[in-house]
Each structure stands twice: as structure tokens, then as C-alpha cells.
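Undergrad: Here it is, the structure in full.
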Amino acid sequence: MSYPASASRYFVPEPSHWPVVGSLALLLLATGAILTFNSIAYGGYFLLGGSAVLTVMLFGWFGRVIGESEGQRYNLQVDRSFRWSMAWFIFSEVMFFAAFFGALFYVRVLSIPDLASAEQAALWEGFKNQWPTAGPAAKDAFTPMHAWGIPAINTLLLLSSGATVTWAHWGLVANKRQQLIIGLFLTVLLGLLFLGLQVYEYREAYSHFNLKMTTGVYGSTFYMLTGFHGFHVTLGATMLIVILLRAMKGHFTPERHFAFEAVAWYWHFVDVVWLGLFVVVYWL
């Protein structure tokens, strides 16, 4: 990989206000989510404002970083630091989901059998060692989500998107711009289809299956795992759109394209997490 002589020194960016703007956006979004979930007025306004501020931050911060990259401000050492940073970021995300999978494992394998084996019903009369738990006297009965429907389709979509982003990478390395753009477009399309189907699944779960955040430990772990994964898919799709727009503007070369590689790493990570979710949450 070649780097310009003008970037012989390690590049240190100037102070930026964008992290503060991003923090404000997250604060507004979190406040809006809390108000909305508790049916308190003005929650939607906070969500709308947070989304607007977040959009401005993404355009501003991405634009600045892209300008630095296209201005050839980065050398080999900067590239190496980017790669290590992305690797550690993905590792932190692995630990993030490992904690949630661990919570589900604890409930299913340890907690429920232990409570069911007690001489006296620890939670309610007739409590049994079964998953998902039906609740006391089947109060607010719900239907668990099954694997062979929308989840199976979403699995196919994400696996296909992993193939298309790899195909796009092959096109970039071979300096085939059209293959790169088509592959990225297909990847974005598949990711958005996944999100659309997940929204539809949530709607069906709430309205027809009576599966809610308050539906015991099954409902809370289901939405915790699938919801956070959906959030990560949204982030990945957003980054892919940025990469697609950059590719259409002629950015990236076969030698210099770590931004593409970083997003591809992240997208493959999202694919692997979904496979775990499909097996553990939906199938087993």
C-alpha cells in the first residue's frame, strides 16, 4: 500500500465540536425514547430533534474525515492505528452481545430450572421448567416467535448481503468500479429490507402475538437482543450508504480503501451475530 510523501508525519486532527454535537443527539434520543415508552407527552419531539441533530453530526463529521482522507493526510502509521481501532471496536461489540447472550443462557439454563425445582413455587403456583415461561395463570398469554418465517427470510437476506459486500470488495480490488457500486447498492438494499421486515415482525408481535417488552423475561430478552442487533444493522446500513456515495464519486483505489474494509468488517460482524440470534432466540 503506497502513501504520499506529504503524509510522512503522523496526522493529528484539529479539535472538533462534532463529538459534543453527537452527545447532544444521543441525549435527545434517549430522553425521547424514555418519554415515548412511558406515554409521556413530547417524546416524539425529542426523538425528532435528536434524529435531526444526529443527521447533521453524521454529515459534518463524516465529511471532515473524508476530506482528510482524500487530502492524503494519512500515512501508514495512521492506517495501522485505524485498523487496530476498528478491530478493538468490533471486539467491544462482541463483548456487548456476549453479555446479552450470557443473560439469556443464565435464565434458560440456570435460573428457571432452579426456581422450578424448589419445594414451594418460587414465583407462582404451577410454575414449571419451560421456555418460554407462560406467566402466572397464563395471564396476558402470548405466542413466542418462531424461526421459520420472517426470521428465516431475514437470515437469508443478511447472508446474501455478506456475499454482495464481498463481491463489491472484489470489484474494488480489481479496479472494477461498476461491480463495486452494484455490490454496495445490493448490500444496502438487502440491509434495508432486513430492517423493514424486522419492523413488520415487531408490529405483528405486539398486535397479534401479544409479545411485549413487559411479557416477562422472554419478552425482555427477545427485544433486548433483536432490538440492539437491529440498531447495529441500522448503523451498518448508514455507513454502507456513505461508502456507496463515496464510491459513486470516485473515491477509493485498489491500494487505499480502508474505509470500505472497516465497514465490511462491521457488516460481517452483524451477520455473525444474527446467526447466533436466529439459533438461540428463535430456533432453540
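Heads up, the Cβ atoms here are built off N, Cα and C, so glycines get one too.
Annotations in TrEMBL come from automatic prediction, not curation.
The domain 'Heme-copper oxidase subunit III family profile' annotation in TrEMBL covers 6-284. If you look up TrEMBL, you'll see 20-40, 46-66, 87-107, 148-168, 180-200, 220-245, 265-283 marked as transmembrane segment.
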Undergrad: Let me spell it out: take the transmembrane segment (20-40), skip the flanking residues so only those 6+ beyond its ends count, and list any with a Cβ under 8 Å from a Cβ in it.
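TA: Beyond its ends, the transmembrane segment (20-40) has Cβ neighbours at 46-51, 53-54, 56-57, 60-61, 213.
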Undergrad: Tell me, roughly as an integer, the mean pLDDT over the domain 'Heme-copper oxidase subunit III family profile' (6-284).
TA: 90
